[in-house]
Amino acid sequence: MTNTPKSHPLIKIMNHSFIDLPAPSNISAWWNFGSLLGLCLGLQILTGLFLAMHYTADTTTAFSSVTHICRDVNYGWLIRYMHANGASMFFIFLYLHIGRGIYYGSYTFTNTWNIGVLLLFAVMATAFMGYVLPWGQMSFWGATVITNLLSAIPYIGPTLVEWIWGGFSVDKATLTRFFAFHFILPFIITAMVMIHLLFLHETGSNNPSGVNSDSDKIPFHPYYTIKDVLGILFMMITLMSLVMFTPDLLGDPDNYTPANPLNTPPHIKPEWYFLFAYAILRSIPNKLGGVLALVFSILILTLFPILHSSKQRSMSFRPLSQCLMWMLVANLLILTWIGGQPVEHPFITIGQLASVTYFFTILILMPSTALMENKLLKW
């Protein structure tokens, strides 16, 4: 009799990826976020599918179709708020997952890391387009402001913006295409996730010590499946608490006002998970400079494998680098706060200082500190 999990072409892949996968024996809860992100993606696709059944991508009916989902569709309010807050959970886990990668030096798996950065861009694009769909005030003006940034690209900029809009302003054509892209991108993301895992399973997982763990592996199932279930439990408790008690906590009240091209909201700002990048964009008084800083604030992640100058992989045994890491986290929290504030004194100055500190820490302080630690250890 053949052993199906090990011989069947499809089941064999699943078996090697989630059951018999050799995993380091010492990976902590920081390694839970991969599975949580996978669950978030599945949840978003599922809730999104049910929302798409009732949503209409037309400027005249989009806003009222969302209202209809919340009021008239069975458990429509639940599906809508699970989708909206699920996106917030998605980004929380993404940022923690990336932070873990930086702290423990997981970026030395360059293929896995670079696909991860592309995934981040894809998820950010999807979330941005999803925010436009309810066609509230912040949807409309957010779409106008962010797409308009592309006009800063020399020579082709203005033409490119009109091409994306499908006209001379954000209108019906824009909404329709954003819905189409918002629907297709999660499936592209799913394919990219598979590539991300394929590259990861070529090398095996990193671990908190940063030392090769080939000599000490345990099967993924049951050890890490049960550990993942605990993470999933915590995630669902947090998500459902948000959805049931404060569904609008992370949203913008302006988005409950239907889109009006003749009335600009006093403070145009994106969802909370983009505020750090928005603060960096706003801190540069030049349009093209701001756009470049915005893009580079994410693209800088691809430089981590190049900038790694320590003889140790992980930060576990490097106290000075740990201080810088937490300084970077604090800096990003300050940027997030500034991104939600109006453009006036003292927020402008704080934003500019935090933006400079962000790039300075990653590009200069972290690599030079790592070199100093090598010297201190006589390496």
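Every residue gets a Cβ built from N, Cα and C, even glycine.
Here Swiss-Prot flags HIS83, HIS182 as heme b b562 binding site. In sequence order, GLY48, THR126, MET129, GLY130, LEU133 are the residues of the chain that are 6 or more apart from HIS182 (heme b b562 binding site) and have a CB within less than 8 Å of its CB. Under the three-state DSSP scheme, HIS182 (heme b b562 binding site) falls in the helix class.
If you look up Swiss-Prot, you'll see HIS97, HIS196 marked as heme b b566 binding site. The DSSP secondary structure for HIS196 (heme b b566 binding site) is helix.
The annotation ubiquinone binding site is assigned in Swiss-Prot to HIS201 on the grounds of similarity to another entry. In the three-state DSSP classification, HIS201 (ubiquinone binding site) falls within a helix. Around the Cβ of HIS201 (ubiquinone binding site), a 10 Å sphere holds 15 further Cβ atoms from the protein chains shown.
Long-range Cβ contacts of the transmembrane segment (33-53) within its own chain (Cβ-Cβ under 8 Å, at least 6 residues beyond either end) map to 69, 79-80, 82-83, 86-87, 89-90, 93-94, 96-97, 100, 130, 182-183, 186-187, 189-190, 193, 228, 231-232, 235. Taken from Swiss-Prot, the feature transmembrane segment applies to 33-53 (among others).
The transmembrane segment annotation in Swiss-Prot covers 77-98 (among others).
Beyond the transmembrane segment (113-133), the same-chain residues lying 6 or more positions past its ends with a Cβ under 8 Å from any Cβ of the stretch are 48, 55, 57, 62, 66, 87, 90-91, 94, 98, 101, 106-107, 139-140, 142-143, 146, 174-175, 178-179, 181-182, 185-186, 188-189, 192-193, 195-196, 199, 270-271, 273-274, 298-299, 301-302, 304-305. Annotation comment: Swiss-Prot describes 113-133 (among others) as transmembrane segment.
Residues or ranges marked as transmembrane segment by Swiss-Prot on the basis of similarity to another entry: 178-198 (among others). Away from its own ends, the transmembrane segment (178-198) comes close to residues 17, 38, 41, 44-45, 48, 52, 55, 57, 112, 115-116, 118-119, 122-123, 125-126, 129-130, 132-133, 143 of its chain (Cβ-Cβ under 8 Å, at least six residues beyond either end).
Sequence annotations record features per position, and here Swiss-Prot assigns transmembrane segment to 226-246 (among others) based on similarity to another entry. Listed by sequence, the residues of this chain that lie at least six past the ends of the transmembrane segment (226-246) yet keep a Cβ under 8 A from its Cβ atoms are 29, 32-33, 35-36, 39-40, 78, 81-82, 85-86, 88-89, 93.
Here the transmembrane segment (288-308) has long-range neighbours at 98, 102, 105, 107-108, 110, 113-114, 117, 120-121, 124, 149-150, 152-154, 276-278, 280-282, 355, 358-359, 362-363, 366-367, 370, meaning same-chain residues at least 6 beyond its ends whose C-beta is under 8 angstroms from one of its own. Per Swiss-Prot, the feature transmembrane segment maps to 288-308 (among others).
Within its own chain, the transmembrane segment (320-340) has Cβ neighbours under 8 Å at 99, 102-103, 269-270, 272, 274-280, 282, 310, 347, 350-351, 354-355, 357-358, 361-362, 365-366, 369-370, 372-373, counting only residues six or more beyond its boundaries. Annotation comment: Swiss-Prot describes 320-340 (among others) as transmembrane segment, evidence class similarity to another entry.
Counting only same-chain residues 6+ beyond the ends of the transmembrane segment (347-367), those with a CB under 8 A from a CB of the stretch are 279-280, 282-284, 293, 296-297, 300, 303-304, 307-309, 321, 324-325, 327-328, 331-332, 334-335, 338-339, 341. Sequence annotations record features per position, and here Swiss-Prot assigns transmembrane segment to 347-367 (among others).
HIS83 (heme b b562 binding site) sits 30 Å from HIS201 (ubiquinone binding site), counting Cα to Cα. Looking at HIS97 (heme b b566 binding site) and HIS201 (ubiquinone binding site), their Cα atoms lie 17 Å from each other. For HIS83 (heme b b562 binding site), the count of additional Cβ atoms within 10 Å of its Cβ stands at 21 [all protein chains shown].
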